[in-house]
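Down below is the structure, laid out as structure tokens.
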Amino acid sequence: MGNQGSVFDDRQLEEYQELTYFTKKEILHVYKKFRQLNPSFVDANRDGRLDMDVIMSLPELKANPFNERICKVFSSTSSGDMSFEDFLDMMSVFSEAAPKHVKVEYAFRIYDFDDDDVLSRGDLKNVVNHLTGNEVLEADDLEQLISNILEEADLDNDGALSFAEFEHVISKAPDFVNSFRIRV
Amino acid sequence: MFGKLVEKVSTLTSRSHLLTDSSKKLKGWAAFKNRQKLFWNKVGTRYKEVSQSFEIWRASIKTIEGQFGPAVSSYFAFLKWLFFLNLYIFLISFCFIIIPQIIYNDKVDYSTSDTSTTAVCSRRYKDSVVVMKNDTAQLVLDFLQGTGWMEKTLLFHGYYSDKNLLAGQSYNLPLAFIMVVIAYLIMSLILMARQASSALKTAALGEEHQFYPYCNLILSAWDYSLTDDDAIVLKRKSILHELNSSFQERERKLKRENTSKCALYTIRFLANFLVIGLLAGSGYLIYYSMTKATELKEQSNYEEKNKFIKLLFEFLPSLSITFLNVLLPLIFQKLVIVENYTQDTEILLTLARTVFLRLASVAVLLATLYGQVTCSPKDANDCNVGVKDDCPVLRCWESYVGQQLYKLVLTDFIAAFFITFFVEVPRKLIVTKCNCKLSQLVGQQEFEISKNVLDLVYGQTLCWLGAYFSPLIPTIAFVKTFLLFYIKKFTCLFNYAPSTRLVKASKSQTFFTVVLMSAFLMCCIPIGYIIWQIPPSKGCGPFRLYSSAFKIVSLTIDGFPKVFDAIFTFIGSAGVVALIFVCLCLGIYYHATMNELNRKRVIVLREQMAREAQDKAYLMIKINEHSNTNVVSRNYGDQI
């Protein structure tokens, strides 16, 4: 990758640096990762969009139970395909330097499967099922678990978690910042 | 800034236009403030770029995190942090003690015609160190023990000069020496405090997090950094396991209540009794090995003994400490299972016992050394060394203590190396290659963070303690942490399997800091006491002229202009100290009160929130009713 510097001019790098939580070096590194997903396509058209399947071949995403949701949330067309800027945006949010409130906001969007701006019982069930994978919890246990979660976090008793409630609970979770992180 | 803008503008480029647009509109003070903010942001990223070019092991930590999750990778981050800490300590001592000593090495000896006590004692000490240059085996042994030719090197305290180097425009080495010790202690404290403040913040969160166990379990469970397929399967399993066990916890509690309490308490009492017995026994073993080793050396026929046996005697204390550190934690682990505590208490209890063992073994060692150093009667005619039949003859006790610590550092490192390559690797091979009963019995090894962290903290304790007696120990520690990273990385990736239990990264980080802090305090007390109180050897080291090492500082302050003297006396006076104390107390009181108030406010706000929600629900019902009646009446109206 000798021609890395020439991919972006200085002004553009500066701009990216201001808009993300990355340094220039890290931005180039992210670009390298993006390019590796499909070198010939990216070389031909730097601003082109990679399909969701291609994006999900990134090792961290391949393994992630919420990979589809992540792609959709960060895709600027909400279809799951990503341009380099979308990809950079995603890596920036997952980076170590990103502040907690930004991470919380995106986590909320990822877990909000039906995009209705609250985590309803259905969303929570979806989250649990994605987490446990093939070995599904028994229906009774699942219901009980969801009720427990709502009992803890649903402060206004409306049967769903609003963003404020979600943020409140996550702010008390010491491990969230450590786990909601992908190192560059 | 980022997250807020996201709602309105979704692509990066459009966001950048927004940024430039918004900054154009600003005028006057606001524009100035904006420019300032941008400037500082730029400085921040610049700093980040520079510090990143010094960053090492980033890829290694990422690989490990990909397979083992953030808890294990936090151990490696801690190791890296210690590496840099040791690097700084090394740099300080290298620049201000070692280089001056090397440069002016030849000018520091006392002339043979000098008949002052110090000169005579220095000569006697020099003659007492036997160097056998022709015997290769002896040279190697001396290297391992820090005796013979090694004692006459930069490695030990006794070698350093007591004079103002470079006659004329003087470099005061003794003063530099003590300043370096104070500097590295303060620096370690500051760096640790920085680390601790963030760790304690998460710890405070952790206390509240027990109110939201299920939310935490689900909403912050997944490690987004995982890349390894096996690790993912395990992670899923561990989440499921945690869920199931949280369901069963209540049943288990009931069961525990049903089993006879009497039997349980008897078992626990016996176990604690055994632990205390083991701890006391190991303390005695260390003491015994120390005294025995010195006793054997004093024997008349010692010189005739086999070299290997001599080496064994020399290393008896360090070997027994290392041996105990390996063996006892294993016993503690088995013991705690019998005691039938909950899982959390189990981990905590084993930890507490192991920490105690670690710190106690160092404490016993120091106490024994203290006994040997301050042993009376002293021979006032012969440089204040101990009288031969009652006390060990230590012509330079600083170097002697340095040798003990040097041997410990060496043994500690060799043990880590040995255990990795001669215990863990064969075990891994047995488990994976052999399909017999033995392999099932032994089982896969998991990376035990707490035990490994304790090893690191123990090594760091030796470094802090040793740096005074042997200024090169930080260098050894720095090289050691560097190699240890690779050894541990190898063993982690090759020998260990990811944990089947959920391990919380935040919990372990708090634990690192607390243990390191207590170890640090444990080092500060003896070092402070030694500098302040114990008279240095008369024939060696930078402080041989003074009645205590700290004397050099007070002498220097006496040499300052009167104003400084007055300032120092003023700061040290009782009135000022009392005032500061009162201010601190007031501060604590204020914060405690605010804390209490905030807690009450939280309760009130929470009630208010619930009430608002009820209001909302009530209003919704009313609205629905109203609109229904409206619709009905409108329909009614239409019909008319």
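Even glycines carry a Cβ here, placed using N, Cα and C.
Feature annotations, courtesy of TrEMBL:
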TRANSMEM  B:81-104  transmembrane segment
TRANSMEM  B:171-192  transmembrane segment
TRANSMEM  B:262-288  transmembrane segment
TRANSMEM  B:308-332  transmembrane segment
DOMAIN    B:396-506  domain 'TMC'
TRANSMEM  B:465-487  transmembrane segment
TRANSMEM  B:508-532  transmembrane segment
TRANSMEM  B:566-590  transmembrane segment
Closest-packing stretch to the transmembrane segment (B:81-104), where packing means Cβ pairs under 8 Å, from B:262-288, B:308-332, B:465-487, B:508-532, B:566-590: B:465-487
Remote residues contacting the transmembrane segment (B:262-288) - C-beta distance under 8 A, at least 6 residues beyond either end: 256, 317, 320-321, 324, 328, 331-332, 335-336, 338-340, 353, 356-357, 360-361, 364-365, 367-368
Average pLDDT across the domain 'TMC' (B:396-506), rounded to a whole number: 83
Residues of the domain 'TMC' (B:396-506) by DSSP state, where helix covers H, G and I: 88 helix, 4 strand, 19 coil
